[in-house]
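Read the structure below first, then the notes.
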Amino acid sequence: MVLSGKDLAAHRKEEILFQGLSFCLFPHQLMTITGPNGIGKSTLLRIIVGLFEAAEGHVSLKDHEQTYPVATACHYLGPQNAMKPFLSVIDNLQFWSAFYGQYLRSPHEALADMGLSDLAPLPFNVLSTGQKRCVAIARLLLSYRPIWILDEPISGLDSHAQTLLANLFQRHLNQGGMIIAATHSPFGIPENHKIALEKFVPSQERRE
């Protein structure tokens, strides 16, 4: 399985966010996307997933010469946690488990992996920012998807949670998974590719 992007570009109204961006990702590999706020990291992730259309270029996922939509093989974690605020933590995860349909771990097992078993009966909206993010990450464990595409996954996490997440990422990579993550901070595990998005901003836009 190979996930690649070729000569990608994105525009925001008349502004060119980035252009000429290419990458190629294989199993067991982590690619991080860095850059200041507003430069287009989230836009790039959404283009890769297929939520946005690139202004130029294309993204492809190939396995044994067959091409597949990226969305069919990925978990996407955006800046929002995609949880219903007044449902309990466990009810939220049970909803996602039923939605995915292909079980890898039960909601209780996913929470245990994240060290969050005690939070299961609590309404999602009473959790701290970091706890909410960890519950959202637990969603990735419910059903196996080889590609994880993550937007600032460690935002709001304390050092203990960041270490736990780094171990989780490494386990996914060791199992043949791929991860693409926008981040301001390193995860503490080896990065195979690092895209500094400011390098793909046209020089005129950069000066402005």
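Cβ coordinates are placed from backbone N, Cα and C, and glycine is handled just like the others.
What Swiss-Prot says about this one:
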type: DOMAIN; residues: 3-206; note: domain 'ABC transporter'
type: BINDING; residues: G35, P36, N37, G38, I39, G40, K41, S42; note: ATP binding site
* To do: State the three-class DSSP label for G38 (ATP binding site), counting H, G and I as helix, E and B as strand, and everything else as coil.
  => coil
* Taking each of the binding-site residues N37, S42 in turn and counting other Cβ atoms within 10 Å of its Cβ, which one has the fewest? -> N37
* **Spatial neighbours, same chain, of G35 (ATP binding site) - Cβ under 8 Å, 6+ residues apart** => K41, A196, L197, E198
* 10 Å Cβ neighbour count around G40 (ATP binding site)? -> 25
* Got a sec? Which of these binding-site residues, P36, G38, I39, K41, has the most Cβ atoms within 10 Å? -> K41
* Can you list, in sequence order, the residues of the same chain other than G35, P36, N37, G38, I39, G40, K41, S42 whose CB lies within 8 Å of the CB centroid of the ATP site? -> A182, L197
